[in-house]
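Everything on this sheet refers to the single structure shown next.
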């Protein structure tokens with residue numbers, strides 16, 4: 001019996017203390033195999049399996065994820081639902097009847113739904129969702145489809161939602177919240193204009209990316225950027241989209257020329273001279289050609305085996321054209337002095353030369369400009385030492401002439417925020433360094449907070465003037481566009497202050513004064529909230545000089 005017991009229990013092992021370890025008893029084995037213990041281990045395994053599945057769906061393409069989850073030959077499982085390429089408008093009933101073959105996972109990579117046919121009272125009473133004659137009822141299309149996904153596939157998490165809601169009769173905010181009430185969403189792209197922050201907060205609390213659509217409604221824009229707005233979505237990276245062309249713009253929203261504005265307002269204000277130092281401006285656009293006063297090029301290109309000047313009124317990349325458009329949208333009375341820089345091959349492609357930049361700054365000074373806008377950076381290298389010293393002197397001379405200067409922060413500045421490129425590295429303190437932010441005021445992930453003075457819009461700004469951009473131009477994100485916005489705002493402020501009827505505004509030290517005005521509506525976040533400067537006066541009747549003087553007085557007070 002002892003031999004049998006020894007064989008059954010196995011040899012006794014010695015512990016580190018030298019004492020013999022007692023074999024596990026039957027009670028211990030029974031505890032390990034108890035239903036509670038098994039359930040606990042099974043739950044741990046299921047949690048791990050779920051985490052791995054979500055990781056794969058988040059980080060791999062659709063085809064890669066299918067193979068990783070189900071092997072080379074997937075068994076018909078559906079990890080996404082996309083109807084955007086449907087060649088006709090569908091109804092919720094049609095979708096539920098005609099897609100029985102889909103086998104959904106509980107977590108989907110995406111759900112992408114197009115604009116669906118409207119539902120009428122007649123179609124509802126007939127028991128289906130085909131559009132018939134009759135008044136359109138409150139839309140609930142997407143609520144029905146997400147309910148079907150929940151019921152059919154037990155879907156409870158969607159990583160990306162893309163909903164092309166109807167532009168004329170979209171879902172109301174409460175229905176949107178009800179649609180996604182039980183779903184976890186990573187990326188939110190619901191095409192409805194002027195959605196309130198609270199709706200997104202309730203429907204997609206943990207979203208990492210949110211696409212916003214705006215008609216320009218100031219109250220909604222303020223709500224988005226308020227502390228109690230989108231900033232509550234701590235994981236979010238906000239993406240801002242301008243009003244689309246197929247949305248009817250309010251009457252009277254057509255952009256006025258400066259001459260038209262002067263005629264309507266009755267004010268006689270001087271033009272602001274802004275030097276744009278970049279890669280040229282495409283003057284074939286009438287909006288820009290009318291405000292270009294003069295230009296010069298320091299760029300040469302090879303043609304027929306000889307170097308010839310590249311004209312300042314053309315831009316190979318479209319970068320300078322976009323900068324010009326942003327400046328003039330902010331400051332419609334600007335006169336542009338365009339200096340086209342020379343470029344050279346570098347490790348990161350092409351970059352402007354320090355020599356051409358120094359020449360351009362000196363030229364701008366000779367034209368007695370009010371503002372110099374520099375949406376570029378030049379790295380400090382031993383090879384460019386002499387030319388950078390020349391650029392530094394030119395910038396110092398411009399500062400001594402009371403010229404406002406704005407330059408871009410390095411968009412890769414997180415690695416070494418104290419190592420500034422030129423022009424930011426200049427020894428003069430009279431250059432405002434602009435950094436890029438989204439419309440909510442959140443700083444770009446590529447910009448160092450310590451390296452900039454102020455933040456301006458700089459993400460997906462290309463959408464602001466797509467009519468001026470080359471078709472093959474990629475989106476321009478970063479501090480270059482923020483610099484153009486800062487320069488344009490400075491021009492607008494100088495324009496307004498020039499109309500001071502009390503003569504209390506002085507041009508002396510105007511760089512610090514303009515910077516103080518901007519900083520007064522930026523606070524600790526450094527994001528310049530322009531509406532705080534002008535909202536109180538936007539409803540005033542044009543030509544009301546008393547309201548205009550009140551605005552001037554407010555700006556002068558902020559400058560002290």
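Placement of Cβ uses the backbone N, Cα and C atoms for every residue, glycine included.
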1-36, 37-72 - the range that TrEMBL marks as region 'Disordered': 1-36
C-alpha spacing of residue 480 (active site, charge relay system) relative to residue 278 (active site, charge relay system), in angstrom: 10
Integer Cα-Cα distance in angstrom, residue 319 (active site, charge relay system) to residue 480 (active site, charge relay system): 9
Set of same-chain residues at least 6 away whose C-beta sits under 8 angstroms from residue 480 (active site, charge relay system): 319, 323, 375, 376, 408, 458
Fewest other C-beta atoms within 10 angstroms, as judged across 278, 319, which are the active-site residues: 319
